[in-house]
Amino acid sequence: MSRILLAADVGNTRAKFALLKASQRQQLPETLSTFLWKYDVPFARADLQAFASSHAASELECFLSGSHLGHIEEIVEFWPKELPEPRVIRTSTELPIELLVDYPDKVGVDRVLNAIATCFEQPGVPAIIIDTGTATTVDVVSSAGAFLGGAILPGYELSAHALHDYTNKLPLIPLQEILGEVPAVVGKNTHAALRSGLIWGQVGAVNEVVTRIQQELAQTVVLRPTIYLTGGAADLLQAHLNFKTIARPQLTLQGLACVAEL
Ligand SMILES: Nc1ncnc2c1ncn2[C@@H]1O[C@H](COP(=O)(O)OP(=O)(O)OP(=O)(O)O)[C@@H](O)[C@H]1O
Ligand SMILES: CC(C)(CO)[C@@H](O)C(=O)NCCC(=O)O
Ligand SMILES: [K+]
């Protein structure tokens, strides 16, 4: 019987939980079901317990990680007693991957988990990973399987909030509007102009960063990198990117589940 992993990626906007089936290298752990904790309500241990109850506690291995340490501690404190104690990964230096950056202990765990997932799925192949969460990150993995660093930029909702919070006249464009119809580039009113800037600005930024990374890698690396796309807003980007991407909506959680195998 294959092992079942309960993994949690505790992000800045929400915590994502999943039950995953452990797998061998070159195949990412399969996501069986997911559960979200949005931070506008207190963490409900009973809800997590109910989510995990499709599997006997004895079958489960639990992993807890992410970039929001405060919410990680909250989950640890209220972890359901019926479930096995989670293995908690608070810093990237605890993860089984080489971090070729200035301050390895400062790199977001979510970025590194994504890198681990790509190494697990395609060992020996370099990767560029676009993760559109609260922040959007574009990161690079070498063909030797090391995390090389990347770029961090504001995500859609964060950009919308910044435009509203730091100006006198700009309205807040809610997420539902950002997710709505693809906007005309020439906005005919404030709302339309903000929607244009939010959508096409993010598309342009990601295209530019990826193109520059590809050019830089081409100078030293023979294999072309695989480009992965993940994060809450991945669907908004995918259709407008100038290159082919592999969509892996659960990449970070799958990376955490891979840690169980490494
Ligand atoms: N249906 C949706 N619900 C919530 N967020 C969405 C949705 N669709 C797109 N988004 C976008 O995805 C972002 C949240 O994505 P995600 O859950 O990956 O972020 P996170 O993991 O909480 O943040 P972090 O970057 O800290 O990991 C929102 O800020 C928003 O821009
Ligand atoms: C960049 C984010 C916010 C992306 O979720 C997260 O990975 C983080 O808080 N990182 C810490 C700084 C760093 O990665 O260099
Ligand atoms: K993330």
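Each position is counted from 1, following the chain as shown.
Every residue, even glycine, has its Cβ placed from backbone N, Cα and C.
TrEMBL does not curate its annotations; it predicts them automatically.
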Annotated companion of D9, V10, G11, N12, T13, R14, A15, K16 at the ATP site, TrEMBL, chosen from T118, T132, T134: T134
Distance [Cα-Cα, Å, rounded] between R111 (substrate binding site) and D131 (K(+) binding site): 8
Annotated binding-site residues D9, A15, R111, filtered by Cβ under 6 Å to ligand 2: R111
Those binding-site residues in T13, A15, G108, D131, T134, T190 whose CB falls under 6 A of ligand 3, listed in sequence order: D131
Surrounding CB atoms that lie within 10 Å of the CB of D9 (ATP binding site), all protein chains: 27
Minimum Cα separation from T190 (substrate binding site), reported as the residue among binding-site residues G11, A15, D131, T134 that achieves it: T134
Residues close to ATP site centre defined by D9, V10, G11, N12, T13, R14, A15, K16, T134, Cβ within 8 Å: G66, S67, H68, H71, G133
